[in-house]
Every structure is written in C-alpha cells, then in structure tokens.
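Before I ask anything, let me first share the structure, which is written out below as structure tokens.
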C-alpha cells in the first residue's frame with residue numbers, strides 16, 4: 001500500500017506558462033527522459049474494487065441460502081450504491097458522455113468501468129517510449145531540498161496517466177467511505193448478532209478495512225498536494241508508516257465503538273450517526289451562507305446553477321461521510337473555485353479529535369452499562385480500555401507525523417512542541433511562567449495563520465499578569 005501511495009505523490013500535473021526569464025528565478029528545465037512511473041495506484045484501486053465486489057456477491061449468495069433477507073438486502077445496497085457512483089465519477093472525469101465509445105459506456109453500465117479504465121492505463125504505460133513525442137504542458141514545482149524551482153516538460157503519455165491516477169484517487173475515496181465503511185460496520189454487527197463467523201464474511205471485513213485505510217491515506221496525500229500545489233512533495237516511508245498506523249487505528253476504533261453501541265442501544269445509533277452526518281453536511285453550507293459567498297464557478301462550465309448545486313451537495317455528502325469515521329484532512333470552502341480551503345489551522349483539528357474522543361468515550365461507556373448477555377464471558381472493561389488507548393495511539397501517530405514526517409514541515413511557523421508548550425504554560429503559576437525560555441524548534445505543524453508572538457510563553461498570560469511582569 002505504501003509503494004502505491006509513493007507512486008501517486010508525483011502524479012499531479014498542473015498547466016503552467018513558460019517563464020520568460022528562467023535564469024532570473026533559478027528555474028531548471030528538465031526534459032521527460034526519465035522512465036514513466038507505472039500506474040500502480042490504478043491497478044491497486046481496481047483490485048480492491050473487484051475483490052470487494054466479488055466477495056460481497058459470494059456473501060449475498062450465502063445469505064440467500066440461509067434466508068437472511070435483511071443482511072442480504074443491506075449488503076447489496078452497500079455494494080451497488082458506491083459502484084454506481086464510481087461509474088458516474090469515471091465517466092464524468094473522462095468526459096465520455098459526448099464521445100462515441102459504446103463499449104466503454106456498456107461496461108460502465110455493467111459496473112465494470114474500473115476494469116476498462118485500468119486496461120487503458122496499462123496500454124498507455126506499455127506503449128510509452130515507443131515514439132518520440134513533444135511535450136504538451138509544463139509542470140513547475142519547487143524542490144525544497146534543492147531550494148529552487150524545477151520545470152518539467154510533460155508529454156502526452158504522462159498527462160494521460162496522470163488523468164487516470166487522479167480519477168482513481170477519487171474513486172478510491174468514494175469506494176472507501178460510501179461503500180467499504182458502511183459494509184464493514186454492517187458485517188461486524190451481523191457477526192456479533194449471529195454469534196458466529198463466516199469465512200467469506202471475515203474476508204469481506206478484511207478487504208473493506210484495507211480499502212478504508214487506503215482511502216484515508218489518499219485523503220491525507222491529496223490534502224498535502226492541494227495545500228502545497230506549487231511544491232514537489234516527497235513523502236518518505238516513515239511518513240507513510242505513521243499515516244497508515246494513524247488511519248488504521250482511528251477507523252478501527254471508531255467502527256468498533258459504533259458497532260458495540262448499536263448492539264446495546266440499536267435505535268439510538270441511528271440518531272448518533274444521523275446527527276454526525278447532518279452536522280458535517282451542513283457545516284460547509286453554513287460557513288458559505290455566513291460568508292455570503294457565491295457558488296463556485298469552476299466545478300463545470302457546462303453546468304447550470306442547479307447542476308452546480310447538485311454536484312456540490314454530492315461532494316459535501318462525501319465530505320460528511322468521511323468525517324463521520326475519520327478526519328478528512330481538508331476544509332471545504334464552497335465559494336472557492338477549488339472547493340478547498342488551503343489555509344488550515346490546528347484549531348479545527350483539535351476540536352474534531354477532542355469531540356470525537358469524548359463521543360467515543362460516551363458511546364463505549366453506555367455500551368458497558370447496557371451490554372447484552374452475549375458479552376458476559378468477555379472482559380468488557382478491558383475492551384473499553386483497549387478502544388480508548390487505540391484512539392489515543394491514533395492521535396499520537398498523527399502528532400508524530402506532523403511533528404517529524406510532514407514533507408513541508410520546514411514551511412510552517414509552529415510545531416506540536418510549541419503548541420503544547422503554549423497550552424501548558426496557561427496552567428502554570430505566574431511565578432514560574434516568566435522564567436520559561438522560548439522554544440526554538442523548527443519542526444512543523446499545520447498552524448499557519450496565528451501570529452508569531454504566540455510562541456513567546458509570556459504572551460500566553462492574561463493581560464494583567466503580562467503588564468505586571470513588564
């Protein structure tokens with residue numbers, strides 16, 4: 001999974017104009033003589049899609065034999081809904097509606113669109129380098145290690161492969177949070193309620209967990225690439241290891257908490273999930289109305305205002321589904337052309353993880369007091385402690401990533417150490433605050449908007465104490 005993600009990080013291509021005087025800005029021009037990267041992310045996403053689809057079909061057949069109509073119906077719903085959305089997404093990105101490609105459209109109707117797209121990407125890759133081709137666009141990125149701009153001449157082959165990679169990144173996120181996440185929650189709940197484990201159901205749960213973790217990893221990488229679009233991002237293996245552990249622990253503990261709570265208070269979990277979904281769905285729209293902005297015009301030029309609103313609603317729904325289970329790593333700005341707010345801060349991330357930890361604590365505590373008889377032979381207190389520790393470990397790996405492994409940490413003004421130091425000094429006696437030396441650490445966090453004066457421990461004091469020290 002890490003190798004697939006490492007292959008993705010250099011695949012973003014942005015159209016740029018040639019600089020009239022490159023030497024003045026220290027721009028290095030590189031021709032595309034290097035080997036084209038294989039579309040590993042496309043192949044991996046297609047494999048996950050097919051594996052989950054096939055395993056879900058086999059499980060539905062098993063449910064049909066045992067007359068479990070309820071489980072079979074929900075499994076089919078969580079299998080087909082994301083599949084249909086993936087076909088629409090691939091068709092929309094590749095703009096095949098107005099083109100004469102009946103075979104491709106037929107395969108999309110048969111829910112086999114990712115297969116033909118993967119085949120097309122592999123054909124383009126294996127044909128690369130056979131003919132000399134002129135560049136069609138320029139990609140200008142800043143290399144932080146060399147401290148200068150690099151301008152790459154991008155050929156038609158690399159541009160086509162980049163389109164396929166970008167399309168499959170979106171489908172991986174859709175598959176993960178509109179299909180795999182509810183599917184994993186359903187099958188884990190069915191496994192507890194039926195009090196036995198089917199081998200095919202266990203296989204489906206493992207595949208969906210891998211799919212969700214990969215989708216969350218793609219969200220994190222996309223957030224970095226969007227925020228630092230002009231920088232050549234290179235993530236090291238340690239960064240991917242931290243992100244995988246962070247996301248896997250976060251998602252596993254969240255899904256397990258919701259499933260255990262649903263076994264004790266079945267109808268209340270609908271209220272909890274519904275409130276979470278509605279909150280994150282309407283949050284970007286409320287911010288949009290407060291700012292009195294206008295709908296983004298860059299979604300699609302051929303869309304009317306109604307079509308733009310529908311696309312934005314679907315995009316917001318995906319954003320809400322992600323945040324119900326894990327941190328989306330981006331903040332929506334519906335008035336912006338790119339729909340993403342690049343100026344992110346620690347404040348919203350801290351609020352999210354604090355609120356999510358408190359919610360998980362309440363849900364798992366309620367399960368502990370109202371658990372069913374099935375858990376009589378299980379140490380329930382140990383389960384509660386394990387889930388809370390697991391979520392704390394997820395937050396710890398997240399902090400380690402932003403402190404030491406973030407590829408653009410040298411551009412940040414703050415780090416985790418400085419933020420924690422500023423928070424802790426608020427709770428110390430005034431006699432000890434004035435003697436605290438300032439922090440000179442240069443590792444990075446997401447904070448970019450706060451004034452630099454907050455790094456001084458004396459500025460964490462109330463105004464009256466600050467004047468007395470002066």
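Here the Cβ of each residue, glycine as well, is placed from N, Cα and C on the backbone.
The model shown is predicted, which means the values in this text are computed figures rather than measured ones.
Copying in the features that TrEMBL gives for the protein in this structure:
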- 42-64: transmembrane segment (TRANSMEM)
- 70-93: transmembrane segment (TRANSMEM)
- 105-126: transmembrane segment (TRANSMEM)
- 202-226: transmembrane segment (TRANSMEM)
- 267-286: transmembrane segment (TRANSMEM)
- 306-330: transmembrane segment (TRANSMEM)
- 350-370: transmembrane segment (TRANSMEM)
- 377-402: transmembrane segment (TRANSMEM)
Counting Cβ pairs closer than 8 Å, which of 42-64, 306-330, 377-402 has the most of them with the transmembrane segment (350-370)?
377-402
What residues elsewhere in the chain lie close to the transmembrane segment (202-226), defined as a C-beta under 8 angstroms and at least 6 residues from its ends?
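For the transmembrane segment (202-226), the list is 1, 4-5, 8-9, 12, 44-45, 48, 51-52, 55-56, 59, 169, 172-173, 175-177, 179-181, 183-184, 187-188, 191, 233, 235, 240, 243-244, 247-248, 250-252, 322, 325-326, 328-330, 338, 340, 342, 406-408.
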Given a Cβ distance threshold of under 8 angstroms, which distant residues of the chain, six or more beyond its ends, lie next to the transmembrane segment (42-64)?
1, 4, 71-72, 75-76, 78-79, 83, 86, 111, 114-115, 117-118, 121-122, 164-165, 168-169, 171-172, 175, 179-180, 183, 187, 198, 200-201, 203-204, 207-208, 210-211, 214
Under 8 Å between C-beta atoms and at least six residues away from its ends: which parts of the chain pack against the transmembrane segment (306-330)?
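Distant contacts of the transmembrane segment (306-330): 173-174, 177-178, 181, 212, 216, 219-220, 222-223, 226, 247, 250-251, 254-255, 273, 276-281, 284-285, 295-297, 299-300, 339-341, 344, 349, 352-353, 398.
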